[in-house]
Amino acid sequence: MIKKASLLTACSVTAFSAWAQDTSPDTLVVTAIRFEQPRSTVLAPTTVVTRQDIDRWQSTSVNDVLRRLPGVDITQNGGSGQLSSIFIRGTNASHVLVLIDGVRLNLAGVSGSADLSQFPIALVQRIEYIRGPRSAVYGSDAIGGVVNIITTRDEPGTEISAGWGSNSYQNYDVSTQQQLGDKTRVTLLGDYAHTHGYDVVAYGNTGTQAQTDNDGFLSKTLYGALEHNFTDAWSGFVRGYGYDNRTNYDAYYSPGSPLLDTRKLYSQSWDAGLRYNGELIKSQLITSYSHSKDYNYDPHYGRYDSSATLDEMKQYTVQWANNVIVGHGSIGAGVDWQKQTTTPGTGYVEDGYDQRNTGIYLTGLQQVGDFTFEGAARSDDNSQFGRHGTWQTSAGWEFIEGYRFIASYGTSYKAPNLGQLYGFYGNPNLDPEKSKQWEGAFEGLTAGVNWRISGYRNDVSDLIYYDDHTLKYYNEGKARIKGVEATANFDTGPLTHTVSYDYVDARNAITDTPLLRRAKQQVKYQLDWQLYDFDWGITYQYLGTRYDKDYSSYPYQTVKMGGVSLWDLAVAYPVTSHLTVRGKIANLFDKDYETVYGYQTAGREYTLSGSYTF
């Protein structure tokens, strides 16, 4: 289960006094400042998901993991592999920065937002999730929050697993990590997942031809990593992974034209790095390369037919980051460089393009008595829109032992994507979308309950929108988002409880109308316990009302979508110390609901799996 540590420990061993909870060590995170620090020293709300959590929940997709977390609202055009969006605290899907091992997800470069329905869950060993602005550390996209998916495996050994389930779901996975001498270790993984799916039935959205077929998903994944410790302080690594996905979906049909209802995605990523981990100084230099090819085509004609579309992007990055322990805290500085290139036709842009971005940043964290101060500033120089600066600052006050008040303010931005700049309807004069955010929070430990309550406001300006009359994109939109987030976890005897509540009022600041596809309220509850060696888990999620557009007729009408309560039940049993069997029922009461208007969800689903470790 997710545990929130509340020991106010230091960047060094003696820097911070204890902040009363349990005696377990404080969880270390790397996403906030790009280097390890105790989670309790991160003033922004931070959640960590481990591989053990994912196995306990028996999640078969990254979206199933993220939907359980505070502030996250997932929408999807159907089942596995179908187009999905992540909304964090009411911001746009394009306002979420997704990192893979600290490197920006390549697929987000074309559309402007990350679709994690395509990313293999088998690669995920850990997720670090931070709410609030982080552009002052990472640059573009980090308005609503940052999701950092970490693929590095910590435990040596070999695991073989297999699973089966509803809609002909099947999954086979083999992974191993082995030591080669005292200083070198190698990790390998292979994964195969397939489901026939079901008919997502996009009512009225498929044109004049009904598509009563199953919309399935197939994914094949390979991963490899080599790590070596040269000395106690110096280490290096080389890592690579790739996946080959095929998705069938319901597409819009025009008589006499090919029906582009199949997606084929190839993606590969490679990175290498050198790290220095001294007592006072830490430094790392990391380079990466990724290449994605995303086809949409009619299977009767093939993906190389002239009717098919291809989005192809290559991304190159170099990151140099440094962190120095100073007093009761640290100062960090770094520079990162990114280059993205596309082939002609990508993002409906006739010519290929080349975009470069160089960012320099400074971070600081310091403890002064009962106060904790955190700050960051960054300047980006982009080949398309020039220079842009962001900054953020936070302060925490432990006014009573075990209780803390936190206040923060930050600016962030989102760069225009390829299609908005250079597409047929593009505008090369677009500016970045800009955000100003305020947050106040109380957190503490009361009678064994570890809790946090936050209130926030986010004003987003220069939002890019499409004008139906001029057929162009412009920076004229504004959004005003207000929200409250409450989280708590506690134990009652053998039962472990994790609960969160989100209230989000996300509105168009010009028309005062609700932003589409955001649930106004969410309640999430996780209950875990062990009984006679059986590990049980119950997940509850309430999704409140939301609004969407009915695109089946013009002019498009706004529709209100009702709320729903969902229950999952999971159980695991260790047959031996090496063999574990698991079973799960998702959507236990078979609720009929939609998160995108016109696209059905799966209903009740069953899965059965087993894993053998040695």
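For all residues, glycine too, the Cβ spot is worked out from N, Cα and C.
According to Swiss-Prot, the feature signal peptide maps to 1-20.
With helix defined as DSSP H, G or I and strand as E or B, the motif 'TonB box' (26-33) counts 0 helix, 2 strand, 6 coil. Residues or ranges marked as motif 'TonB box' in Swiss-Prot: 26-33.
Look at Swiss-Prot and you will find 38-152 tagged as domain 'TBDR plug'. Secondary structure by DSSP for the domain 'TBDR plug' (38-152): 32 helix, 35 strand, 48 coil.
Positions annotated as cyanocob(III)alamin binding site by Swiss-Prot: Leu83, Ser85, Asn92, Val110, Ser111, Ala251, Thr309, Arg517, Tyr551. With a 10 A radius on its CB, Thr309 (cyanocob(III)alamin binding site) counts 15 other CB atoms from all the protein chains.
Per Swiss-Prot, the feature domain 'TBDR beta-barrel' maps to 155-614; the stated evidence is sequence analysis.
Here Swiss-Prot flags 158-165 (among others) as transmembrane segment.
Under the heading transmembrane segment, Swiss-Prot lists 169-178 (among others), citing sequence analysis as support. Long-range Cβ contacts of the transmembrane segment (169-178) within its own chain (Cβ-Cβ under 8 Å, at least 6 residues beyond either end) map to 60, 80, 122, 153, 155-163, 185-195, 223, 605, 607, 609.
The transmembrane segment annotation in Swiss-Prot covers 184-195 (among others).
Look at Swiss-Prot and you will find Asp199, Gln211, Asp213, Asp215, Asp250 tagged as Ca(2+) 1 binding site, backed by sequence analysis. Cβ contacts within 10 Å of Asp199 (Ca(2+) 1 binding site), excluding its own Cβ and spanning all protein chains shown: 15.
What Swiss-Prot lists as Ca(2+) 2 binding site is Asp213, Asp215, Tyr249, Asp250, Asp261. The Cβ of Tyr249 (Ca(2+) 2 binding site) lies under 8 Å from the Cβ of Asn77, Gly78, Gln82, Leu83, Val200, Asp215, Asp261, Thr262, Arg263, each of these being in the same chain and 6 or more residues away along the sequence.
Residues or ranges marked as transmembrane segment by Swiss-Prot on the basis of sequence analysis: 217-227 (among others). Packing against the transmembrane segment (217-227) from elsewhere in the chain are residues 79-82, 118, 120, 122-123, 151-153, 175, 184-195, 197, 235-248: each is 6 or more residues past its ends and has a CB under 8 Å from a CB in it.
What Swiss-Prot lists as transmembrane segment is 263-277 (among others).
Tertiary neighbourhood of the transmembrane segment (279-296): same-chain residues 34-35, 102-103, 106-107, 110, 251, 260, 262-273, 303, 308-325, selected by CB-CB distance under 8 Å and a gap of 6+ residues from either end. The annotation transmembrane segment is assigned in Swiss-Prot to 279-296 (among others) on the grounds of sequence analysis.
Taken from Swiss-Prot, the feature transmembrane segment applies to 309-325 (among others), supported by sequence analysis.
The transmembrane segment annotation in Swiss-Prot covers 385-400 (among others). Sequence-distant contacts of the transmembrane segment (385-400) (same chain, six or more residues past either end, CB-CB distance under 8 Å): 8, 19, 43-44, 133-136, 139, 370-379, 406-413, 415-416, 430-432, 444.
Distant neighbours of the transmembrane segment (449-458): 4, 6, 21, 45, 89-91, 132, 143-144, 435-443, 479-490; these residues of the same chain sit at least 6 beyond its ends, with a Cβ under 8 Å from one of its Cβ atoms. The transmembrane segment annotation in Swiss-Prot covers 449-458 (among others).
When pLDDT is averaged over the domain 'TBDR beta-barrel' (155-614), the result is 94. Most buried of the binding-site residues Asn92, Gln211, judged by other Cβ atoms within 10 Å, is Asn92. One residue stands out among the binding-site residues Asp213, Asp215, Asp250, Asp261 for having the most other Cβ atoms within 10 Å of its Cβ: Asp215.
When secondary structure is read from DSSP and collapsed to three states, Asp213 (Ca(2+) 1 binding site) falls in the coil class. Sequence-distant contacts of the transmembrane segment (558-572) (same chain, at least 6 residues past either end, Cβ-Cβ under 8 Å): 55-58, 513, 516, 519, 521, 534-550, 580-589, 591, 593-595, 597.
Taking the C-alpha atom of Gln211 (Ca(2+) 1 binding site) as reference, the shortest distance to any of the binding-site residues Asn92, Thr309, Tyr551 belongs to Tyr551.
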